[in-house]
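Colleague: Quick one: the structure is below, and I'll ask about it shortly.
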Amino acid sequence: MGTFMGVYLPCLQNIFGVILFLRLTWVVGTAGVLQAFAIVLICCCCTMLTAISMSAIATNGVVPAGGSYFMISRALGPEFGGAVGLCFYLGTTFAAAMYILGAIEIFLIYIFPRAAIFRSDDALKESAAMLNNMRVYGTAFLVLMVLVVFVGVRYVNKFASLFLACVIVSILAIYAGAIKSSFAPPNFPVCMLGNRTLSSRHIDVCSKTKEMNNMTVPSKLWGFFCNSSHYFNVTCDDYFEHNNVTSIQGIPGLASGIIVENLWSNYLPKGELIEKPSAKSSDFLGNLNHEYVLVDITTSFTLLVGIFFPSVTGIMAGSNRSGDLKDAQKSIPIGTILAILTTSFVYLSSVVLFGACIEGVVLRDKFGDAVKGNLVVGTLSWPSPWVIVIGSFFSTCGAGLQSLTGAPRLLQAIAKDNIIPFLRVFGHSKANGEPTWALLLTAVIAELGILIASLDLVAPILSMFFLMCYLFVNLACALQTLLRTPNWRPRFRYYHWALSFMGMSICVALMFISSWYYAIVAMVIAGMIYKYIEYQGAEKEWGDGIRGLSLSAARFALLRLEEGPPHTKNWRPQLLVMLKLDEDLHVKHPRLLTFASQLKAGKGLTIVGSVLVGNFLENYGEALAAEQTIKHLMEAEKVKGFCQLVVAAKLREGISHLIQSCGLGGMKHNTVVMGWPNGWRQSEDARAWKTFIGTVRVTTAAHLALLVAKNVSFFPSNVEPFAEGNIDVWWIVHDGGMLMLLPFLLKQHKVWRKCAIRIFTVAQLEDNSIQMKKDLATFLYHLRIEAEVEVVEMHDSDISAYTYERTLMMEQRSQMLRHMRLSKTEREREAQLVKDRNSMLRLTSIGSDEDEETETYQEKVHMTWTKDKYMASRGHKPKTLEGFQDLLNMRPDQSNVRRMHTAVKLNEVIVNKSHEAKLVLLNMPGPPRNPEGDENYMEFLEVLTEGLERVLLVRGGGSEVITIYS
């Protein structure tokens with residue numbers, strides 16, 4: 001099909017609808033010509049701007065069937081596409097309900113009023129009876145229309161041109177009538193009592209009396225306002241007595257100058273009388289009589305916007321037929337924009353013509369009670385009001401059929417995309433491709449609209465869904481234009497992001513103007529659909545704009561992060577989790593990932609790294625398979641992060657590459673998480689523990705924090721939270737506050753939430769343990785960390801081999817505690833000073849004392865110093881003969897003895913206090929400078945942590961990670 005038949009005429013048919021014939025005159029009468037013109041202009045601008053955006057999207061590549069849904073989903077991604085597609089579907093379905101209600105209103109009020117099933121003589125109950133009639137007939141009409149659509153769409157398409165002809169003839173009749181009214185206005189007298197409008201449905205003559213057999217007798221009107229319709233000397237209504245009954249012309253005509261009176265608004269609450277301001281009236285109130293014409297709904301500018309907006313929707317009709325067009329990229333923009341210009345001209349000129357030709361009280365009379373129950377637009381038309389009545393009836397029926405045809409196809413397109421799992425069933429169709437199940441759902445939703453039964457209440461609901469849809473069309477165009485996606489090359493050139501933003505703004509404004517609570521409901525529905533699709537994990541890559549936006553935002557954020565090192569307050573563990581793979585490429589310690597997820601509580605960066613030994617060219621396939629395995633495990637453990645796999649000739653080289661090069665810009669890891677090499681003593685291959693120490697050295701050199709999980713297989717999974725227990729922190733030296741921060745972060749996760757934190761610190765002979773405890777408690781209070789503090793005294797042991805208070809680190813801890821005792825002003829003055837000094841400290845490795853370095857490592861260490869040998873050197877009987885033999889043959893190194901002594905004593909104290917703890921956190925000493933002491937170092941750590949179920953060895957990265965300042 002070409003532009004005219006394929007786009008222009010379908011758009012015209014969809015845009016011109018029930019509102020033009022049934023409500024536009026009432027909108028003009030209530031809002032006044034000026035405000036009505038503004039309402040129509042705003043709505044037309046909204047659709048015009050949307051059409052420009054839509055034309056740009058529609059001409060950027062081939063748009064297959066699915067029209068607007070396809071365009072939005074491919075431009076904004078599956079989440080937005082699904083949300084907007086469903087909004088558009090609901091809008092179209094409610095449109096069907098609105099058209100059916102419009103057709104029933106025309107049928108019951110103007111064509112065949114006697115067909116009403118429910119009647120009431122009481123004026124107040126009459127409207128309720130009318131609503132019930134609408135429900136019954138509406139449901140019958142809906143069933144009939146659904147059957148027509150079910151039998152065959154081809155019949156609907158055949159009749160489409162006939163329905164369109166009805167619309168065009170009706171509009172031409174209005175223009176002809178308006179022109180004729182300038183020289184020969186039609187005769188539609190309106191009966192007035194004082195300045196009040198009277199309903200002419202039950203009145204025989206417009207006067208208080210009438211001549212009958214040469215006698216003056218009371219008219220029917222007299223009977224309505226007085227006690228008797230036969231006698232004059234009876235009590236009558238005060239207002240009726242003191243005011244005259246007059247007749248005015250309902251259609252004064254174009255040349256009458258009535259437009260001056262109709263310029264201004266006349267908003268009234270429900271139940272108010274419709275009055276002519278310029279007519280004379282006495283001040284008597286009188287009683288409300290059902291012969292007066294009353295306002296049936298409380299009116300306001302915002303209400304009228306909501307009711308009128310559906311009459312400008314339908315601009316997507318052309319793009320919905322994109323599959324049937326000869327050249328969609330050329331036809332859609334031209335046809336749609338021409339259709340909008342045509343309809344906008346008709347609407348705006350109609351507003352002026354109605355205001356200039358029709359009396360104000362008639363315009364405000366929604367159902368034509370004052371003009372003998374005629375359709376108000378019909379009174380203006382030529383040659384007869386029946387042209388409009390019949391024409392509008394058929395056009396609304398046609399529009400309803402079009403909506404019932406289009407909506408199920410839209411739902412089928414969404415269901416076939418498979419982004420909303422519960423809609424999958426609606427993707428099925430009959431053998432000829434008709435969406436049967438989708439049609440049934442559409443009929444059920446449309447029935448909900450019909451049960452509302454009032455055109456004025458259904459229209460704002462419809463407006464919301466269409467406005468949501470248009471808003472996202474504009475957003476899609478603006479996003480693509482601003483992001484300058486390489487693929488964004490529309491053939492339609494007359495678009496700009498500013499126009500799209502203006503269109504978006506008008507859509508949002510109209511949503512909240514017409515009904516703020518419906519707007520919120522529509523947004524909540526769209527938001528819920530969006531989150532549902534996101535939660536279900538729509539694995540569709542459509543090259544959409546939101547993906548492009550994410551890339552731009554990520555780039556911007558990364559460049560911002562690069563500007564400087566993070567402040568202590570913003571420090572959070574950005575983890576690099578080192579996983580080990582076995583021969584079958586399965587992860588050896590999956591609990592390491594579980595622990596990482598618990599530590600992150602879902603925040604910050606997590607990179608999961610692993611090394612594959614081999615040649616990259618040969619092992620590429622294996623690397624991809626291993627990466628997939630790790631990703632699946634990350635998904636199972638709900639770890640949000642990235643996977644990085646390196647293929648290297650040597651394991652240690654690969655680990656070094658990972659630690660150096662992972663991350664990007666400011667999003668780099670600052671903490672390495674790894675497992676302890678279990679069974680390293682029994683292993684014949686020394687490479688395992690040598691790789692471990694190598695990793696510790698590389699991490700220290702890179703100034704990264706290090707977390708080593710020992711007995712990681714005993715760590716809890718995410719589904720077994722602890723009901724009680726303690727997290728014990730052994731704070732031997734202060735190394736940036738990692739030991740304080742980690743238990744706090746762990747407690748954010750449900751597994752550790754119910755555990756209490758206990759902090760132990762070791763006091764020596766010269767330490768004042770009471771003061772130390774007090775200082776530490778104050779320090780924790782200022783850190784806002786709730787923990788129990790305990791000071792453990794170790795007088796008989798030379799703890800300095802472990803801590804070396806001569807090193808800056810121990811000094812730093814004492815300084816920190818001493819700092820807590822300063823007065824507030826001093827503390828504030830010294831705060832920055834301490835911060836600067838601390839950041840300058842090059843944290844020395846704990847396990848090697850600078851002073852003793854020469855003494856310790858210039859000697860060749862000939863032995864591995866085990867616990868048994870240590871016991872023997874202290875005078876205990878060795879457990880084995882071999883140990884005793886070793887002791888005889890070798891002179892143990894004094895510094896190793898001291899170290900082992902420290903480890904054993906500390907281990908005794910830790911096991912004594914923390915044997916039931918759910919997790920023990922310990923300072924991890926640095927590795928020795930001389931690699932020949934590596935085995936002793938491993939032995940030292942092994943002895944230190946012996947007898948503890950779950951241990952986390954912590955080594956700071958050389959920077960403060962926690963602060964007392966806000």
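Here, residue 1 is simply the first one shown, and the rest follow in order.
In case you wondered, yes, glycine gets a Cβ from its N, Cα and C as well.
Dumping what TrEMBL says about this protein:
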DOMAIN    7-179  domain 'Amino acid permease/ SLC12A'
DOMAIN    289-576  domain 'Amino acid permease/ SLC12A'
DOMAIN    590-708  domain 'SLC12A transporter C-terminal'
DOMAIN    724-966  domain 'SLC12A transporter C-terminal'
TRANSMEM  36-63  transmembrane segment
TRANSMEM  83-113  transmembrane segment
TRANSMEM  134-153  transmembrane segment
TRANSMEM  159-178  transmembrane segment
TRANSMEM  292-312  transmembrane segment
TRANSMEM  332-358  transmembrane segment
TRANSMEM  437-455  transmembrane segment
TRANSMEM  461-482  transmembrane segment
TRANSMEM  494-511  transmembrane segment
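Quick one: where do these features end up spatially?
Modeller: Over the domain 'SLC12A transporter C-terminal' (590-708), the average per-residue pLDDT in this prediction is 84.
Counting only same-chain residues 6+ beyond the ends of the transmembrane segment (36-63), those with a CB under 8 A from a CB of the stretch are 27-28, 70-72, 75, 301, 304-305, 308-309, 311-313, 315-316, 319, 322, 328-329, 332-333, 336-337, 340-341, 343-344, 347-348, 351-352, 355, 467, 470, 473-474, 476-478, 480-481, 487-492, 494-495, 499-500, 502-503, 506-507, 510.
Long-range contacts of the transmembrane segment (134-153) within its own chain (CB-CB distance under 8 A, at least 6 residues past either end) are made by residues 96-97, 100-101, 103-105, 107-108, 115, 117-118, 397, 400-401, 404-405, 408, 434, 436, 439, 443, 446-447, 450-451, 453-454.
When Cβ-Cβ distances below 8 Å are used as the criterion, the transmembrane segment (159-178) is approached by residues 9-10, 12-13, 16, 20-21, 186, 254, 346, 350, 353, 356-357, 377, 380-383, 387-388, 390-392, 394-395, 397-399, 401-402 of the same chain, each at least six residues removed from its ends.
Outside the transmembrane segment (292-312) by six or more residues, the chain places 15-20, 23-24, 27, 30-31, 35-36, 39-40, 42-44, 46-47, 95, 98, 123, 127, 193, 196-199, 265, 267-274, 340, 343-344, 347, 361, 364-367, 369-370, 455-456, 459-460, 462-463, 466-467, 510, 513-515, 518 with a CB less than 8 A from a CB of the stretch.
Long-range contacts of the transmembrane segment (332-358) within the same chain: residues 3-4, 6-8, 11-12, 15-16, 20, 24-25, 28-29, 32-33, 36-37, 40-41, 44, 47-48, 51-52, 54-55, 58-59, 63, 171, 174-175, 177-178, 181, 185, 250-254, 256, 258-259, 262-263, 311-312, 315, 318-319, 322, 325, 376-377, 379-380, 492, each at least 6 residues beyond the stretch ends and with a Cβ under 8 Å from a Cβ of the stretch.
Residues 18, 22-23, 90, 93-94, 96-98, 100-102, 105, 131-132, 134-135, 138-139, 142-143, 146, 149-150, 307, 404, 407-409, 411-412, 415, 425-426, 428-429, 461 of the same chain, all 6+ positions outside the transmembrane segment (437-455), place their C-beta atoms under 8 angstroms from a C-beta of that stretch.
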Colleague: May I have the DSSP-based helix, strand and coil counts for the residues of the domain 'SLC12A transporter C-terminal' (590-708)?
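Modeller: Secondary-structure composition of the domain 'SLC12A transporter C-terminal' (590-708): 57 helix, 26 strand, 36 coil.
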